[in-house]
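Undergrad: The structure's right below; bear with me while I get my questions together.
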Amino acid sequence: MGLTKQYLRYVASAVFGLIGSQKGNIVFVTLRGEKGRYVAVPACEHVFIWDLRKGEKILILQGLKQEVTCLCPSPDGLHLAVGYDDGSIRIFSLLSGEGNVTFNGHKAGITTLKYDQLGGRLASGSKDTDIIVWDVINESGLYRLKGHKDAITQALFLREKNLLVTSGKDTVVKWWDLDTQHCFKTMVGHRTEVWGLVLVSEEKRLITGASDSELRAWDITYLQEIEDLEEPKPKKIKESSPGIQDTLETEDGTLEMDEAPEDRILSCRKAGSIMREGRDRVVNLGIDKTGRILACHGTDSVLELFCILSKEEIHKKMDKKMKKARKKARLNSCKGEEEDSEINVEMTLQDEIQRVTNIKTSAKIKSFDLIHSPQGELKAVFLLQNNLVELYSLNPSLPTPQPVRTSRITIGGHRSDVRTLSFSSDNIAVLSASADSVKIWNRSTLQCIRTMSCEYALCSFFVPGDRQVIIGTKTGKLQLYDLASGNLLETIDAHDGALWSMSLSPDQRGFVTGGADKSVKFWDFELVKDENSTQKRLSVKQTRTLQLDEDVLYVSYSPNQKLLAVSLLDCTVKIFYVDTLKFFLSLYGHKLPVICMDISYDGALIATGSADRNVKIWGLDFGDCHKSLFAHDDSVMYLQFVPKSHLFFTAGKDHKIKQWDADRFEHIQTLEGHHQEIWCLAISPSGDYVVSSSHDKSLRLWERTREPLILEEEREMEREAEYEESVAKEDQPAVPGETQGDSYFAGKKTIETVKAAERIMEAIELYREETAKMKEHKAICKAAGKEVPLPTNPILMAYGNISVSKIELEESLLVLPFSYVPDILKLFNEFMQLGSDVELICRCLFFLLSCFSRTLTKKFFNIYRLAFQDVIGFNMAGLDYLKRECEAKSEVMFFADATSHLEEKKRKRKKREKLILTLT
């Protein structure tokens, strides 16, 4: 085999430019003993902990690949549960920042996570319509609750009772008894999706938010609190009972079917509705820890706050109402009207739940969290749609509380998608520009060192010398900025339409621009006298114009500055001579317009990327197409050669960055990390760094390592990754022997559990080998009459114990072949006698018995049947003899024999009757 060409691997180095991503929720976390100062925010696959006081990122909880969808802090404040888009859950320690526990049970993204009051159990709801309750301490799944027909939106544990209440997009709210793991009540009073629910008033009231402007309130009555009914009473209730009805009438007049009253745990009755100001759906519904402030928001930028009054406050309010009513009655009686003997004042829901105020944020709200400070102040933190975190505070005890914005995290990212990136000539500074701002980042520290406001940016570059930058905008303007001062030096109207592309000339004296006004313009740098000072400043002047028939999408100089490549809207690339602007070549073959292109360092090749998902490699000497590559599953958005090589990178709308070899036409590697469409990338002049930007608001830095990359190994790794994905997507089996009810096995088969099962099988095979060797060794010692040294297995010396994590244990035992089970049971017996890990062994033993009960029974019955056949036969004969003796003494037949004798008589009589009928 000949030598293969070696490449160097690029790896993910950092994620920056992101404050918080939109899919998950923001939560307050306790860190260093301080509450209300730190917040945890989802950031693509990671979780960022921000200090609201300083506006700094102080901790990153590192994720793997999947995007974070849900966060929930533990009641003790030491841990944070993080749900991901693939259905996995990780529990991180906030002290160390490490995720030691992983739960795999869901097939789709996590939508809700909730701890119980003590933090020992965690309920997770998912888009796969299942709820799983996890044992956090034992690191295992307790049970799976099935019943919802669409994604789960919220799950809540009750504090006093072992119950769980869940809501879903299937318009129902379900109550689950966790002792029996079944749903005992389904509330069908909503006509649209139930997006959120909270328990208030000491868990005596449930408030739900749906797709309309109502917040519905339901009174909960726990039937155990009513006197225990005697045995005959439930029958009376079932026949007719006005107090506790078997069917409850819902808001739209339909009847809600329920179970028999004796099987019920609680009853729900609609108490009324609170009208929201927003007309759209409820996005989030939440309550603070004290249970006093209720908050909700829709798809707009307004958070509505309500106060849930205590019993004493309600009593005072009703007394005031009563006084007013009596006063009014007295006034009426003075006017000659009859005074009512009794004055009744009805208590409405509005008397119990009062509107406090609204908090208006600077952009649309994605999620929020509430906390009470020790001073009695309410703090509300918001994650906004435009990559922003805001903190507001107000005093709810005041008659008219005014929310005040106390802090804001803005500098760490752009408000909209970054559409252009550039590297400085020294590889240190990175420019990113979006619809409203230009930011300069330090590549090594990833800190933002300059922020300048601009128009909608489409293209950019550092002016030679790295002291100024030029931005091309959607309105066709060129904006020239000075980096030292951060000032806008000049704005030039360059094109009538969008300025799509710019290319710096290789001699660094000027640049060329292409726009939607069907023209290519050439510009030179020049020094002009500044009006405000005596010094000269940099400016640009137009020298030439090349007019074309179609909109210009991209322009690129050849390295020798002899040729100019221009991509047009008619799907072709035209090559012109720079000096005379005469036409040289036309590259055609793409089915859709060429969005991006680049010319190699030696001017031999030009690579073009198109919206038709293909990349074509052309020779610049004759314009012949060397190769057409199907590069991405969606439009190719950006393409750039690595300096001093024929390797190039492409970025696509399929969330991937790919590296290619333009000489061998081979795909080298794929850089996966972004979760949305990638808009652009930039390669540093040294070729050691790549920066990319995406619709997920993140900027990612990729670094070239010294690790060689071999293509065969890379393809093998891709195949393994595909296999692992296919394993995770297989249908999950329920526990064998378990009925198909509401409760299912909580685990999920993953590649880790398959590997864990293989490790157990290896350990059993090793045990078998060692057992056989021990027997042989004993026989040798007996024959020799002395103790012979036992040779040690090198695998045992190298590995010692073969370990399987607790969370993978049950699933790995489930996929274990039965032939290994008897050996495991023998080992369990030995361990039990030694008294080691009794609790863990019992857990494994009960699980194996529930899984393989039928097979084990059949196997051991066949073994012992022959051994006990004679004993059982002797016992049967003895019992038969005793029966006959008893019958002879008492002169009476045994009941079973008498019944069979009577049946035989009846059969004979029927047979005789049939025979007579046929003869007649």
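Note that Cβ sites are derived from N, Cα and C of the backbone, with glycine treated the same way.
The repeat 'WD' annotation in TrEMBL covers 61-102, 103-144, 145-186, 187-228, 411-451, 492-526, 587-628, 629-670, 671-703. Sequence annotations record features per position, and here TrEMBL assigns domain 'Small-subunit processome Utp12' to 807-858.
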Undergrad: Which residue counts does DSSP yield for the repeat 'WD' (411-451) in the helix, strand and coil classes, in that order?
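TA: Helix/strand/coil tally for the repeat 'WD' (411-451): 0 helix, 19 strand, 22 coil.
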Undergrad: Tell me, what is the mean pLDDT of the repeat 'WD' (629-670)?
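TA: Result for the repeat 'WD' (629-670): average pLDDT 94.
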Undergrad: Between the stretches 411-451, 492-526, 671-703, which wins on the count of C-beta pairs under 8 angstroms to the repeat 'WD' (61-102)?
TA: 671-703
Undergrad: Other than its close neighbours in sequence, what residues sit by the repeat 'WD' (492-526), given a CB gap under 8 Å and a spacing of at least six beyond its ends?
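TA: Result: 458-461, 463-464, 470, 472-478, 480, 538-561, 564, 566-567.
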Undergrad: With a Cβ cut-off under 8 Å, give me the same-chain residues at least six positions beyond the ends of the repeat 'WD' (411-451) that come close to it.
TA: 14, 16-19, 55, 57, 363, 386-388, 457-462, 464, 466, 469, 471-472, 481, 483, 486, 679-686, 688-689, 691-695, 697, 699, 701
